[in-house]
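Notes follow once the structure below has been shown.
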Amino acid sequence: REFPGCGNIVTFSQFLFIAVEGFIFEANFGRKSPAIPIRYYFIMVGMFFTVSVVNNYALNLNISMPLHMIFRSGSLIASMALGIIILKKRYSVAKYTSIALVSLGIFTCTFMSAKQVASDSSLDEGDGLQVFLWWLLGIAALTFALLMSARMGIFQETLYKRFGKHSKEALFYNHALPLPGFLLLAPNIYHHAVLFSQSEPFRVPVVGLTLPIMWFYLFMNVITQYVCIRGVFTLTTECPSLTVTLVVTLRKFLSLIFSILYFHNPFTGWHWLGTALVFLGTLLYSEVWHSLAPILARCRGRPKRE
């Protein structure tokens, strides 16, 4: 909220921290060879880097954080579409129904956000049109990132089937190999580093260290992002895809609620309806109801205590 264009320095810091940690503890200072050939990682990180940068720039194009979260929750749509086209997959009626719900939910939220942007009374007609056009470009950027992310998921799926699952290795190479790409963004990163250094001083509790508050925010973001992404990569190898989908969906939902309540982001009844459709469709897609049915049946079958 203080610096909407700071996405690049945030992403660079996350990538650098995870790459350094992986270089020490996973790659053993470069002495350990990767289980998956490095050329495949170059393809994967090209997609990963592109998705991260495009998602960051979308926030500069009048895209609110709640809409950003909701739109990215539509990854099931992109994954299903590309799965049908590339892998020739076919799905059940329940899967197609869930995708329809997700699509309707995203359309509802996007349409209502478009009305908010278009009807901004603080702008004259010319500026309002310009803002709306930038917003449309932001939607296009999110759509591109969504499709690219889905394509990357399919590529990862084929690699894991061929070479086995190596979550820590994939986490390291996905963050280490793109680092040179940030040289293209160096002026923007340096500019925001200067802005961060000029922010108000903040005394860190317990430690007693004083530093600019934006650097403290960045540090906390890097640590929490590391915990999040490490957990997701580990979850993909230790748990069924149903569990991964459910956990990630619930995490997105909690993030959305927190963003709305804590930061007072504008959210109408239509936005809530759209959000409900998105997450209902996601849970339907993950078939969580089928997994819960045996548990509920066992609970109902237990004898009541006197």
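Positions of Cβ are set from backbone N, Cα and C atoms, glycine also.
Sequence annotations record features per position, and here TrEMBL assigns transmembrane segment to 12-29 (among others).
What TrEMBL lists as transmembrane segment is 41-59 (among others).
The transmembrane segment feature in TrEMBL is assigned to 65-87 (among others).
Among the features that TrEMBL reports, transmembrane segment is placed at 99-119 (among others).
Among the features that TrEMBL reports, transmembrane segment is placed at 131-150 (among others).
Here the transmembrane segment (171-190) has long-range neighbours at 5, 8-9, 12, 14-16, 18-19, 22-23, 26-27, 34, 38, 41-42, 44-46, 48-49, 52-53, 229-230, 233, meaning same-chain residues at least 6 beyond its ends whose C-beta is under 8 angstroms from one of its own. Marked as transmembrane segment by TrEMBL: 171-190 (among others).
Under the heading transmembrane segment, TrEMBL lists 202-229 (among others). Long-range Cβ contacts of the transmembrane segment (202-229) within its own chain (Cβ-Cβ under 8 Å, at least 6 residues beyond either end) map to 2-3, 9-10, 13-14, 17-18, 21, 171, 195-196, 251.
Summarising the annotation, TrEMBL assigns transmembrane segment to 241-264 (among others).
The annotation transmembrane segment is assigned in TrEMBL to 270-297 (among others).
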Cβ-Cβ under 8 Å with the transmembrane segment (41-59): same-chain residues at least 6 beyond its ends: 4-5, 7-8, 10-11, 34, 65, 68, 72, 138, 141-142, 144-145, 148-149, 151-152, 155-156, 159, 170, 173-174, 177-178, 181, 185
